[in-house]
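Visitor: Next up is a structure, given as structure tokens.
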Amino acid sequence: MLLFFTLGLLIHFVFFASIFDIYFTSPLVHGMTPQFTPLPPPARRLVLFVADGLRADTLYELDENGTSRAPFIRNIIMHEGSWGISHTRVPTESRPGHVALIAGFYEDVSAVAKGWKENPVEFDSLFNESKYTWSWGSPDILPMFAKGASGDHVYTYSYDAKREDFGAQDATKLDTWVFDNVKDFFHHARNNQSLFSKINEEKIVFFLHLLGIDTNGHAHRPSSRDYKDNIKKVDDGVKEIVSMFNHFYGNDGKTTFIFTSDHGMTDWGSHGAGHPSETLTPLVTWGAGINYPQRVSAQQFDDSFLKEWRLENWKRLDVNQGILPVDYLNNTDLFKAESMFTNAVQILEQFKVKMTQKKEVTLPFLFTPFKLLSDSKQFNILRKARSYIKHRKFDEVVSLCKELIHLALKGLSYYHTYDRFFLGINVVIGFVGWISYASLLIIKSHSNLIKGVSKEVKKPSHLLPCSFVAIGILVAFFLLIQACPWTYYVYGLLPVPIWYAVLREFQVVQDLVTSLLTYPLSHFVGYLLVFTLGIEILVLSFFYRYMLTAGLTAFAVWPFLTRLWTRAKVTSLSWAFFSVLLAVFPLMPVVGRKPDISLVMGAGLLVLLLSLCVVTSLRKRKDSFRKEELLVHLLQVLSTVLSMYVVYSTQSSLLRKQGLPLMNQIISWATLGAYCNCQCILYSGKTWRRKGLGKNQFLRTSSLFVPLLSSPAVFQRLFSILLSLMSTYLLLSTGYEAVFPLVLSCLMFVWINIEQETLQQSGVCCKQKLTSIQFSYNTDITQFRQLYLDDIRRAFFLVFFLVTAFFGTGNIASINSFDLASVYCFLTVFSPFMMGALMMWKILIPFVLVMCAFEAVQLTTQLSSKSLFLIVLVISDIMALHFFFLVKDYGSWLDIGTSISHYVIVMSMTIFLVFLNGLAQLLTTKKLRLCGKPKSHFM
């Protein structure tokens, strides 16, 4: 069985990785011939301002007094330049946004594995093609363009990463640092002949990355005064820099200025997904080669922004990345036509290279070219465009080139996704095979469904293995002659051994069919419909959180539709009460909520009150609560009190803009237990040193392992696990979600009781007192029973509770649903991997509570964990197969990102279940002692 789970885990990793090979491969094309416009450019230099995290509406709108918070930029819009909205794409993060702006392509998603900081693939950029580039700003953004440059002509000046502190007193200092350093740079250039000559060359770029607005947005929300005041500071700084440039270069009219943003920000201070507040960014340009403002009487857009911003009389020019925005250019019609023609030829070159690459590795009789852009059509369009230029029909040239660009981009997408169908079919075949094999294993080894069917043991034939070996060789040869990547071999060959294992159990299939024919057809169809309905409710809950509310309401009614109500009224009422209480959480706001520390404090007080009741109850029982266990319990209560203090103290300190107190940070990490075995804790460049702890001491001080010191009795151990995890969860909470684990745990305890009742009702076994049941690693396997039909319901309950554990706390399948404020008790300096790990642990805590309760359900119902866990895996995999078919690459970017997120979440949940199952077994079965050598029930 261990081998089965290991292979299953590897197979699921392959299925998980397949989505990235199918949908997230690098779009870059190498090997094109460079194309240049034959006419001289209107500007000698470019100044690029990127205000990180700036929303279009916040910049363009007027404040409550009817004045602009960015008067200089608004004056540019009305008197000097062109403006519009730049439509960014998912993921709306800083690195992919800057890559789109500066390199002209949408970021390769594999960059997320490197925190959007390193270049997973080499790419060209505007900076690389410049004569010189000087850049100032964040150390997270600048190095990636300098690292990818050929030569040493890209210079970067960045502040220390520790300045990016969400709890800092004044985040506008990040922008002030940039403006001051640019001024110092030009002051120094006047006294440095070498530098002076460089900055007077042609084809030079000055890049100013302004991170203050993004930092203030994360820390205080875009609606805050801090965010809006930062915009005013940036506007003042841009005004000074523009004046300095004009003065330095003697108003030569050869400088182009661009002011834009890499992404926007949601109302709750996050970004990463496809909400309009994240994808709509400002774009204001002026200077050499840029059109002056154009007064218009009316404009047609699908939104009402123009009226809201009172800019309806100034022509708005929206842009998308990749296509030259000729409407922004102020030059001759010939220059516009030549520039558009060059842009079209550049994209066409990419199309040709992509087509050639795919044609070379595909068998001739299998290659299907992109029919909308054949060689003859390419030639005709280019010839016609050149003819129009010669006859000075420049408008026709622009129109024709736009058509060519549109077709070339469609062709690029066609060849980029050429193998998607082939890969998808292989993954689906493997998925179906795995689900079939796991189902057959359940029926064969863990149920009585075919035990009564008489059968003859047939001698295995050599035809089956030989056939599958031949199929494997043919598949490998087919991939080899097409020079496919090694991952294609994995996806193509994986179904072969899986389906071999399925067909080896053909006798089981025959016996299953024979057994099912003895059941009434109406019963079989009824069970199948109920199972299908349950799966569909789980799938729909990913799209509509209120489906969880509907499901939990149905759970609440369930005991009253059975004999449970007559046998256990108190348990049934408790089940109904906590099911309805938990059903409220999916109806709560997903995101956008303001931090409410009073709710976190209230959750802490409820934990303390519950602890008092539990201790009082256990103290009344003789020999049930030893002094050692009482001490452990008191330590956990103290940890909860400390967590409440840290949350309140940290929130107060951040509101006063005094940053994260060092002592609060130390207590938070100590509570989490993540650094208890480390030699130091780093904070703002300083090191807090402490004596290292040994292995056993580490287990005793880490909050996660404190439950191992408690009694192995089911109730006491589960309650100890709740207390330990709640102290950490409080530190990671900002509002109502702090109450969620408490309500979930209460329902889990009632679930354990009610499953005992259902088992006794079915006559499978006699009821044991819950207080007499203890977790033990060495459970007698003779006590295990076979699976019954009702066990499918138990497995479904587990999957439903796991889905509720994720979506019930306000999360959705979107990057922007996770609030960075959740980690402010641990760190405020920007660190994507550390912050992501902390938020991941916050998500997993309810999962751990559910899995530990599931361990108790398996114990009290005398069911092997392996058999029930197999059913859970089958249900999860059926859900994953649903979402695999629902993944799409068309429609809005929000829909595309969400569909992919759903598949990633359910596959991650399936993989995590294996690890969480092991963690739950560790937390429930192992026993340590405060003094002497550690002991356990199985050593």
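From the backbone N, Cα and C atoms, a Cβ is placed for every residue, glycine too.
Source: prediction; values computed, not measured.
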Visitor: Would you mind telling me which of 398-419, 662-683 TrEMBL tags as transmembrane segment?
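Guide: That would be 662-683, per the transmembrane segment entry in TrEMBL.
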Visitor: Can you name the far-off residues of the same chain, 6+ from the ends of the transmembrane segment (833-856), with a Cβ under 8 Å from a Cβ of it?
Guide: 115, 672, 714, 718, 721-722, 725, 728-729, 732-733, 740-741, 744-745, 748-749, 751-752, 773, 775, 798, 801-802, 805-806, 808-809, 811, 818, 820, 822-823, 826-827, 865, 868, 912-913, 916-917, 919-921, 923-924
Visitor: Over the domain 'GPI ethanolamine phosphate transferase 1 C-terminal' (410-892), what does the predicted model average in pLDDT?
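Guide: Value for the domain 'GPI ethanolamine phosphate transferase 1 C-terminal' (410-892), mean pLDDT as a whole number: 82.
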Visitor: Thinking of Cβ pairs under 8 Å, which stretch from 421-443, 704-732, 900-920 has the most of them with the transmembrane segment (630-650)?
Guide: 704-732
Visitor: Based on Cβ pairs under 8 Å, which of the stretches 421-443, 515-537, 738-754, 868-888, 900-920 lies most in contact with the transmembrane segment (597-618)?
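Guide: Looking only at 421-443, 515-537, 738-754, 868-888, 900-920, the most contacts with the transmembrane segment (597-618) come from 738-754.
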Visitor: Do at least three CB pairs under 8 A connect the transmembrane segment (421-443) and the transmembrane segment (868-888), leaving out pairs fewer than 6 apart in sequence?
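Guide: They are in contact.
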